[in-house]
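Asks: Pasting the relevant annotations from Swiss-Prot:
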- 63: active site (ACT_SITE)
- 105: active site (ACT_SITE)
- 43, 45, 47, 64: Ca(2+) binding site (BINDING)
- 42-131: disulfide bond (DISULFID)
- 44-60: disulfide bond (DISULFID)
- 59-111: disulfide bond (DISULFID)
- 65-138: disulfide bond (DISULFID)
- 66-104: disulfide bond (DISULFID)
- 73-97: disulfide bond (DISULFID)
- 91-102: disulfide bond (DISULFID)
- 1-16: signal peptide (SIGNAL)
């Protein structure tokens, strides 16, 4: 029951395009991004520090790095256009900045799908106090 309450609170914090990212993850992996990756390891969810704990957490680390390279728009608020067919995502956008956001999200969703076998429940709601190592450069 506590986990459901926490997920409800996390959903309240999802704004703008982050719901698009949630939908994209669900289309590519068949899983809810908020439920499975909303608070996972050292990088999935809000913030990020230390070293990624496994390949799934590394997907979030790389996603954070990708967002850090986006210039001219806000990756967490700006909307983009994409289509999907059979779990394939096509970012279709005239605006190069929002297309870049879409490509970051697409890469993360594919990474989650390709690394689903690395997901470990012990990293779900992993305490940030365990993420004290020096972070890798992007």
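Even glycines carry a Cβ here, placed using N, Cα and C.
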Asks: What recorded positions in the list 42, 45, 97, 131 lie within 10 angstroms of residue 60 (disulfide bond), counting C-alpha atoms?
Replies: 42, 45
Asks: Using the alpha carbons only, what distance in Å do you get between residue 97 (disulfide bond) and residue 45 (Ca(2+) binding site) once rounded?
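Replies: With distance taken Cα to Cα, residue 45 (Ca(2+) binding site) is 22 Å from residue 97 (disulfide bond).
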Asks: Cβ distance under 8 Å to residue 91 (disulfide bond), same chain, sequence separation 6 or more: which residues?
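Replies: Looking at Cβ-Cβ distances below 8 Å from residue 91 (disulfide bond), excluding near sequence neighbours, one finds 80, 81, 82, 99, 102, 103, 106.
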Asks: Pop the Cα-Cα gap between residue 47 (Ca(2+) binding site) and residue 66 (disulfide bond) into the table, whole Å please.
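Replies: A Cα-Cα distance of 14 Å.
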Asks: Which one of the binding-site residues (45, 47) has its C-beta surrounded by the most other C-beta atoms within 10 angstroms?
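Replies: That would be 45, with the most Cβ atoms nearby.
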